[in-house]
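**Q** Starting off with a structure, shown below.
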Amino acid sequence: MSFFFIRKIFGSTNKKIIKSFRKIVQQINALETEMQSLSDEELAGKTEEFKQELKNGKTLNDLLVPAFAVVREASRRFLNMRHFDVQLIGGMVLHNGMISEMKTGEGKTLVATLAAYLNSLEGKGVHVVTVNDYLAKRDTEWMSKLYNSLGVSVAFITNNLTDEERKEAYSADIVYSTNNELAFDYLRDNMKFSQEDMVQRGFHYGIVDEVDSILIDEARTPLIISGPVEENNQIYKHINKIVTKLVDSDYEVDEKGRTVFLTEDGISRVEELLRSYNLIPENSSLYDTDSMIMTHYIDQALRAYKLFTADKDYIVKDGKVVIIDEFTGRMMEGRRYSDGLHQALEAKENLEIQHENQTLASVTFQNYFRMYNKLSGMTGTAATEAEEFRDIYRLNVVKIPTNVPVKRVDIDDEIYGTEKEKFNAVLKFIEECYKRLQPVLVGTVSIENSEKLSALLQSHSLKHSVLNARYHEQEAYIIAQAGVPGSITIATNMAGRGTDIQLGGNAEMIAKVELKKIKNADEREKKYQEIVERVKKDKEIAIKAGGLCVVGTERHESRRIDDQLRGRSGRQGDPGLSKFFLSLEDDLMRIFGSDRMRSFLQKVGLKNNEAIHHPWINKALEKAQKKVEARNYDVRKSLLKFDDVINNQRKVIFKQRNNILGNEINDLLEVYSEVNESVVEGIIQSGYYEDYIENIVKEFHTRYGITLDKEDLAKFLNKQEALNYINDKIQEFFTEKEKYFNSQHTTDLWNTIVKQMMIMTLDHLWREHLSVLESLRQSISLRAMGQKDPLNEFKREAFLMFESMLEKWKELTIHRLAHFKLADNQEIGNRLHSARNSRLPKVSRNDKCPCNSGKKYKHCHGAVTVVS
């Protein structure tokens with residue numbers, strides 16, 4: 001039963017959707033005995049049976065009940081896990097193209113198998129999207145037993161695969177991959193010179209795990225494949241020295257708006273310093289036409305110092321500035337801030353300054369995932385962003401009931417006057433938990449705070465584990481053991497971690513580590529059973545101690561991130577506890593706290609080392625968070641409107657590329673005709689064409705090296721007759737050229753050259769166009785001062801520029817083809833190879849590929865073969 005039918009008849013309330021799906025669950029349960037009676041071969045044979053029924057006219061909805069029953073039985077046999085009724089409901093939500101909100105520990109990985117299997121029957125591919133390579137690999141290996149038992153192929157894609165391996169993986173029925181890999185493969189495919197080199201096969205159905213993290217938190221970050229632009233990097237070092245000499249009165253910081261402004265005193269001081277470095281003329285001001293570029297460098301340097309903090313927004317690793325994801329605390333290696341900000345940070349940290357990049361291709365997750373014919377998602381926290389999911393992605397959120405009621409207790413926040421007092425209170429609270437062997441998970445918002453708290457625990461001899469961007473490699477194991485009695489785990493933003501915290505520890509993860517060195521099979525089995533028993537006893541101890549205790553050391557801007565941290569505790573009916581410790585020095589309190597809240601706290605009077613508990617404070621904080629979320633949503637919505645303009649143009653360009661790669665070049669005559677008419681129109685802007693015959697002859701000789709006969713042109717009575725004559729001459733010229741090339745080399749050499757020339761010219765102009773559009777987008781807001789709508793102005797100008805670019809592409813392609821000279825095979829091959837690779841920066845074959853794939857250049861774009 002589809003969601004749209006439900007909404008039409010009953011309305012789209014969560015309760016009614018769940019009620020309707022429970023009826024379908026009863027039908028699935030009724031088939032359980034029948035499925036259990038089937039042999040393994042008969043169960044596997046159901047897949048081909050379903051595919052045949054689809055060919056005979058049935059729909060996926062018709063097959064949902066038996067298909068889900070088959071998956072549940074296969075899971076019971078081969079994974080020793082039986083889908084709960086609520087998991088079946090979650091699978092139906094996914095199949096109907098909605099978001100399934102399921103609490104932590106409710107088995108989202110298993111839920112995905114239901115919708116993935118059902119939709120794979122169409123043979124068009126299913127993408128299951130995870131937040132990191134570890135989860136993609138883990139889930140594939142874990143669920144492959146189920147899929148393979150039913151004759152369904154499954155594969156995963158990580159950043160170290162070659163193009164050949166990627167293409168093979170994408171051909172599987174079900175593919176697990178990260179959002180980054182999928183989107184970058186899409187961009188890389190649309191930079192290829194042959195359809196055979198492309199790895200993806202379309203966007204049929206996608207299931208996005210941690211959907212809020214990917215489609216909301218990362219929505220503003222475009223994925224960019226870029227190449228370096230040559231420029232003088234010394235200027236960043238000079239500007240860095242200038243900014244370090246400024247005092248507080250020289251600038252104003254707006255932390256809410258994430259901007260820094262120079263004051264009048266600051267402008268004067270900067271101008272004086274710029275002159276001392278000979279960066280602007282002696283009598284020039286900062287805002288003179290010739291000097292205004294310096295404001296860009298100054299602005300970025302000020303942002304680097306006043307808005308970006310080491311170990312919070314970025315870390316320095318191996319001599320490079322590595323961005324930290326503000327929502328997940330993960331390092332985003334390979335990504336760089338644009339517009340000179342990354343160079344400003346490198347200058348600030350006294351590192352080697354890398355060249356600023358030029359965008360070769362880009363796409364946002366918003367626009368990438370909207371290409372799927374059907375999209376669905378899973379997360380533990382989506383309800384707070386339900387409006388955005390509905391408006392942007394047309395995805396409705398359905399809250400799935402838990403299999404067992406949640407027993408976790410959420411205690412009111414405690415607020416302290418200073419950060420030091422807050423951390424002392426956290427220390428005392430952790431010590432109390434430690435004494436009763438209650439496992440503790442502490443969430444921090446930055447690496448700096450996690451290491452500060454770690455040092456405090458060390459000074460009190462409290463053994464603990466730290467999980468932040470610095471220790472990403474050990475992430476899964478650390479989190480898996482966070483439920484061991486007496487364990488203390490510190491983690492930056494728990495969003496998207498993806499690994500379940502089980503009370504007593506994760507027996508499988510422990511076994512993987514402890515059994516590594518044991519070769520004897522009997523000894524391994526004995527040791528494994530010991531681990532299982534140990535974990536079982538530890539679970540009982542942890543439960544008696546109160547279950548997992550989650551401690552938040554600061555409220556995040558987003559309620560979802562706080563809820564995700566809380567949600568680590570109380571899985572599958574386990575007991576648990578959560579509590580947040582705050583201070584007036586926290587960012588959220590300092591920047592977004594209301595005047596009313598500050599007034600209230602002042603009246604109450606905070607004494608040293610004393611905390612305030614009050615339900616009103618929790619409500620006030622939630623109100624502040626809602627304001628921030630609403631503002632961030634407005635920003636994302638506005639950015640999407642602008643990006644939609646670029647995205648529509650991107651679709652046209654990529655479609656044009658694929659058309660060129662996929663077809664023989666039979667329509668060149670039409671291109672010639674359009675270009676020729678454009679040339680003649682450009683010459684004859686008014687009056688009779690015969691007055692311009694001299695200019696027409698001269699122009700076509702310059703463009704094509706073709707001599708048109710003046711006397712022949714003079715015979716024609718109007719422009720159209722002349723155009724027909726010119727078109728015939730141009731066609732004759734290129735036909736002769738094609739015959740000659742093919743006779744001297746391979747029979748399809750000319751066709752290959754035409755395709756390459758059209759694509760290389762298009763790619764070059766598209767890159768330039770993207771750069772111009774970005775500049776236009778950054779400056780367009782000023783139009784509002786002239787009572788004009790910036791978005792409408794952007795649409796209008798972007799369209800005109802796009803039309804102009806396409807005309808230029810046609811003209812430039814014909815011009816280059818006309819002047820293309822015949823050379824020996826080797827020279828032609830080298831020329832095509834050189835032109836093809838001019839789009840990417842020069843790198844050695846063992847360096848990382850500049851397309852951000854993470855692979856060596858020789859295994860990525862350096863491995864692409866050229867026509868010889």
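Note that Cβ sites are derived from N, Cα and C of the backbone, with glycine treated the same way.
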**Q** Return the residue out of D500, D522, D538, D562 that Swiss-Prot annotates for the same ATP site as Q87, G105, E106, G107, K108, T109.
**A** D500
**Q** Which site among Q87, T109 has the most other CB atoms no more than 10 Å from its CB, taking these as binding-site residues?
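**A** Ranked by Cβ atoms within 10 Å, first place goes to Q87.
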**Q** Give me the count of other Cβ atoms within 10 A of the Cβ belonging to D500 (ATP binding site).
**A** 20
**Q** G105, G107: which of these binding-site residues has the highest Cβ count within 10 Å of its own Cβ?
**A** G105
**Q** Sequence gap of 6 or more, Cβ distance under 8 Å: name the residues on the same chain that satisfy this around K108 (ATP binding site), in order along the sequence.
**A** G90, S100, M102, D209, M378
**Q** Count the Cβ atoms, other than its own, that fall within 10 Å of the Cβ of E106 (ATP binding site), considering every protein chain shown.
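**A** E106 (ATP binding site) is surrounded by 25 other Cβ atoms within 10 Å.
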